Amino acid sequence: MAKFLVRGGKLLEGGIAVSGSKNASLPALAASLLFSGTPVFQNLPEIEDIKRMKELLENIKGGQLNYEIAKKIRASILVVGPALARFGRSSFPHPGGCVIGAPASPTSLGGRPIDVFLDGWRAMGAEISLRSSTSDVKSPKTSDVFPRSEIVHSIPAYAISAPRGLRGCDFTFRVPSVTGTEGLMMTAVLANGQTILRNAAQEPEIMSLADWLNKNGAEICGAGTHTITIEGRAGKPLSGKAPFFAPPDRIEAGSFAILGAAAAKEMTIKNFPAEELTALLAVLKAAGAEFEITHNDHSLFPSITLKRAAKLRAVNIQTKEYPGFATDLQAPYVVLATQAEGASMIHETIFEGRLNYAEDLNKMGARIILCDPHRAIVQGPSNLTGWNLEGPDIRAGLAFLMAALIANGESQIGNIYQIDRGHEKIDERLRALGADIQRVK
């Protein structure tokens, strides 16, 4: 298994560009099932999750997801709605990918519930059955949903169909859900009649998806607000005349900004979506980080230049849905907090147990107290030293890499597949900034 070998303690210097957004690209790829032809995609990041999604779409048959591929990527759940809308049925396993928070139940995604999808599809007239015991071979018998269904051993699996067609509905999310909003919005595009999604998530990736679908014939209003209205096309596919261009990845951009504030002599981040990161920038300013945002007529997005402050101040943060402080930036920020003077309270309100990685940072010399599954106190500044760590997910894995860059001595970061799932050629890009990092086997 590949790992990163990092020799830390060097200040970073130079420029780095933000890649295309993973969280915008994945639902757009899933939405390709809504089109009559194959739409054009531009600026997609070269990451493992995108490769998996393309592979999943290439192997879909009559709405049925390939179980072996789908169970490896959490975003596979995004394909189900478009498949149901296009083919009238789908079959899918429990999605894979990051496991965050409490252990998964039959209707949760590693702590992230999928019942919001199931409830929404039922409201649109779908019928869903749970297959709790499955086999890893092709059945010689014809099932009541699919002939010769390929199903995988020991994971929950679902069959979904709309025998009387999908109908528009008025659906309210119990709590805002990004993937839930995207999934039901895509399903509604080909449904019969009007769908209203209330208490919807407001993330920019939802707006990006809706804008692109509208350019190709969809009728979606209100994306980016808590109420989204979709006029269904009664099964008529979209045109595909307008290509999808992935916007900059705001989570990667924010992570780089945190790294710059903690470990840069002078670092410029290009294609920086500053308007989507106002909560982070406010926190960095309060912490004493030095940065300047500049605009270029030749780019849609500005650049930001950051320097490591002589003295960082402790700041309390609380993760919230957009436009609040993103939960995906919580782990990188905790690394910065280890270098700030004073005690920082970190309150994770989105996912239970997402602070568990902190125990590994303590092995490097951090002083982090886990108060409960949602809160931690980071006492700084701490002199971090190299350690061997395993990245449990994309965000914590990147946080470990950032900590290794700051630390004195040598660190090894294992399970780097998790980092590769979300960040394109991260080792090469960091080396361009002067980091001493190698990918080894």
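One is the number of the first residue shown, and numbering goes on along the chain from there.
Note that Cβ sites are derived from N, Cα and C of the backbone, with glycine treated the same way.
Those TrEMBL annotations? Automatic predictions, nothing curated.
Sequence annotations record features per position, and here TrEMBL assigns domain 'Enolpyruvate transferase' to 7-430. What TrEMBL records for Lys22, Asn23 is phosphoenolpyruvate binding site. If you look up TrEMBL, you'll see Arg74, Asp328, Ile350 marked as UDP-N-acetyl-alpha-D-glucosamine binding site.
Annotated features, which come from TrEMBL, shown on the structure.
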residue	record	Cβ neighbours (10 Å)
Lys22	phosphoenolpyruvate binding site	25
Asn23	phosphoenolpyruvate binding site	25
Arg74	UDP-N-acetyl-alpha-D-glucosamine binding site	25
Asp328	UDP-N-acetyl-alpha-D-glucosamine binding site	21
Ile350	UDP-N-acetyl-alpha-D-glucosamine binding site	19
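Between the alpha carbons (Cα) of Lys22 (phosphoenolpyruvate binding site) and Asp328 (UDP-N-acetyl-alpha-D-glucosamine binding site) lies a span of roughly 12 Å. Here Asp328 (UDP-N-acetyl-alpha-D-glucosamine binding site) is positioned 11 angstrom away from Asn23 (phosphoenolpyruvate binding site), judged by their C-alpha atoms. Pairwise Cα distances among Arg74, Asp328, Ile350, the recorded UDP-N-acetyl-alpha-D-glucosamine-binding residues, top out at 17 Å.
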